[in-house]
Amino acid sequence: MFALFLGGLFLIACLYSSVGHAGASGYLAWMAILGFAPEEMRPTALVLNVFVATIATVRFSRVRPRWLFLLFLLAGSAPLAFIGGFVPVSRNVYRPLVAVVLFAAAVRMLVGKPSETGMTKPSPSPFVLFVTGAVLGLLAGLTGTGGGIFLTPVLILSQWMTAREAAAITAPFVLINSISGLLGVMAGLQSVPTHLLPAVGTVALGGFLGSTLGSTWFSDVWLRRALSVVLVIAALKLLFVP
């Protein structure tokens, strides 16, 4: 059973990190399927998220992320992610709505074709980035994720970045949001889950492999396909996993 748990974590980390994500939605869904206690799931997922996002940030740094672009996004997302965790919104309303949005983005990723020339549109204004970050941060807070499942499709479908450039921005975006969420969770945590240490080692290996493939080997088309799978997993988690 434990080997199955670790094997699933490895595959999730490998898949998610290939597109600059850390895998929180995948870890939560996998632990729910295996019957983990709810009080163990969130801290475990956030710790794993931090490790994988850190590795992905380092591996994708060779793509030369647009740090100023990221800064404006985080300025809007960080406070709204905090607020989103406290907004009393019915789960029966927002979870199906967000799932539909993720499914639509996944389909758009599959049927849309990346620019043959690799050209993207000019970067939006700082104000647009701030507002975009605020909306994404609120969604991240409401769904208990690092926000990568929302940020990457926005960057790609708006043609602000290629899939690889978007992954390079998403990884540190997820890292910072995950650390923020983890600090809040750890403050009220009585004990550290016993399975955490081997799980960290497993996702670190998967995250290194996936982010290496994503940053150096996968084409833009393959990255879009991998992202589509990630978005579908996240949508299914919202619909069927408590």
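Glycine is no exception: its Cβ is also placed from the backbone N, Cα and C atoms.
Remember, TrEMBL labels are computer predictions, not curated facts.
Per TrEMBL, transmembrane segment is recorded for 41-60 (among others). Sequence-distant contacts of the transmembrane segment (41-60) (same chain, six or more residues past either end, CB-CB distance under 8 Å): 9, 13, 16-17, 20-24, 27-28, 31-32, 144, 146, 164, 167-168, 171-172, 174-175, 178-179, 181-182, 185-186, 189, 192-193, 195-196, 199-200, 203-204, 206-208, 210-212, 214-215.
Long-range Cβ contacts of the transmembrane segment (67-87) within its own chain (Cβ-Cβ under 8 Å, at least 6 residues beyond either end) map to 123, 126, 129-142, 144, 147, 151, 169, 172-173, 176-177, 180-181, 184. Residues or ranges marked as transmembrane segment by TrEMBL: 67-87 (among others).
Within its own chain, the transmembrane segment (93-111) is flanked in space by residues 139, 142-143, 149, 153, 156-157, 224-225, 227-229, 231-232, 234-236, 238-239, which lie at least six positions past its ends and keep a Cβ under 8 Å from the stretch. Feature annotation from TrEMBL assigns transmembrane segment to 93-111 (among others).
Residues 16, 19-22, 24-25, 28, 42, 49, 53, 69, 72-87, 89, 94-95, 98, 102, 105, 108-109, 112, 115, 120-121, 166-167, 169-171, 173-175, 177-178, 181, 224, 227, 230-231, 234, 238 of the same chain sit 6 or more residues outside the transmembrane segment (127-160) yet have a Cβ under 8 Å from a Cβ within it. What TrEMBL records for 127-160 (among others) is transmembrane segment.
Sequence annotations record features per position, and here TrEMBL assigns transmembrane segment to 166-189 (among others).
Residues or ranges marked as transmembrane segment in TrEMBL: 196-216 (among others).
The transmembrane segment annotation in TrEMBL covers 222-240 (among others). With a cut-off of 8 Å between Cβ atoms, the residues of this chain six or more beyond the transmembrane segment (222-240) that come close are 15-16, 18-19, 21, 25-26, 28-29, 32, 95-96, 98-100, 102-103, 105-107, 109-110, 112, 114, 143, 145, 149, 152-153, 156, 163-164, 167, 214.
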Problem set entry | Same-chain residues at least 6 beyond the ends of the transmembrane segment (196-216) whose Cβ lies under 8 Å from its Cβ atoms | 2, 5-6, 9-20, 22-23, 27, 44, 47-48, 51-52, 55-56, 58-60, 62-63, 164, 167-168, 171, 223, 226
